[in-house]
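Copied over from TrEMBL, here are the features:
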DOMAIN    50-306  domain 'G-protein coupled receptors family 1 profile'
TRANSMEM  34-57  transmembrane segment
TRANSMEM  69-89  transmembrane segment
TRANSMEM  109-131  transmembrane segment
TRANSMEM  152-173  transmembrane segment
TRANSMEM  204-226  transmembrane segment
TRANSMEM  247-266  transmembrane segment
TRANSMEM  286-308  transmembrane segment
Amino acid sequence: MAETNRSGIATDQDRFRNLEDIDVTADRSPVLRLFISLTYSVVCAVGLIGNLLVFFFIRVKQERRTSKINVFILNLAATDFQFVLTLPFWAVDIALDFSWPFGHAMCKIILSVTVMNMYASVFFLTAMSVTRYWSVASALKDRTRQGGSCSVKWVCVVLWVLATIATAPTSIFSTVTNVAGEKLCLLRFPEGQHWLAVYHLQKIIIAFIFPMIIVSISYLLLLRIIRRRGMKNNSRLRTQVTKSVTILVLAFLLCWMPNHAITFWGVLVKFNVVYWDRTYYMLHTYVFPITVCLAHANSCLNPFIYCLMRKEFRKKLRDLLRSIHVLSCHRVLPRGGELSEPVKKMEKTVHFQQFIIILCFCNENFCI
């Protein structure tokens, strides 16, 4: 029995050692595949709704010129919206045991869009953290705003261009490859695993390490300013800002770090710095897909994480739910078919509160 187990392990190792140069995630668990497919479906639905709300109310319902932060939020919503549109394709791919049914062209398009929007999303989150710090620092120094919207729009253009450039290797080397009789959509570099390792190392550095350093420094400087400038006696405000900043940084860290940690292990394996072993195989096969789910979930969390943590938004949400409850309990039509004046006033209040809550997505006074 032990001999059978060892031979089974050896077979798996021989099989997947030969696939190191094309970066295959080999999972045979129907339960895990079903879980990931359902997770992608939920993330897609929630992400579509959340990002559409952000996009609609910033672009259509804005009552004044879009602020710097809102320009970044709008671009973040656009990139996250595009990202979640790719999830149904990956859900089908995983449900079919990683057998790609959509053809070579769609493989290139979907894989490229996925990677490009991953880069763009991280870039815009980073730009927002820098903008928050710079806005507070400038306000405290009484600096006047100089062409903010124009410069921010150019920054967004540059970030989209950088995301496109970073995605170029994916667009070039993504392909449909036959592996063990199955058609897989993946990256295949001509020189094998070393170039694939370089590709993953680039992704870790550009999409995680540098942004994490910039985000952390920006928020630490922001907290330093708050503690030093005019807020020394306002412990409640300091606590609120500290909590909000902590949530933002932790959300970014927890969503992306597990995925990049396992990816980095794979980089070390491909460079022969550490040995390929059963632990790596099990982790890459069964844990890595879950970390991908967690990273993808960041795209549906982004629209909410910047508002749900705010006290103003939570208060307006409670007021709205309370008003809807009262309205549903007391909405009675008199004989003439007209609503009574108190109910009409209550209805107007509910509509106004709905509008206020939605504004949290596009008003920087509500969002951090």
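Cβ atoms are placed via backbone N, Cα and C, with glycine included.
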Quick one: do the transmembrane segment (109-131) and the transmembrane segment (34-57) reach 3+ CB pairs under 8 Å, ignoring pairs fewer than 6 apart in sequence?
-> no
Who are the chain neighbours of the transmembrane segment (286-308) in space, where the CB to CB distance is under 8 Å and they lie at least 6 residues beyond its ends?
-> 25, 27, 29, 32, 36, 39-40, 43-44, 46-47, 50-51, 53-54, 73, 76-77, 80, 83-84, 87, 94, 117-118, 121, 125, 247-248, 251-252, 254-256, 258-259, 261-262, 314, 360-361, 366-368
For the transmembrane segment (34-57), sequence-distant contacts whose Cβ falls under 8 Å of one of its Cβ atoms, 6 or more beyond its ends | 73-74, 77-78, 80-81, 83-85, 87-88, 90-92, 94-95, 289-290, 292-293, 296-297, 299-300, 302-304, 358-359, 361-362
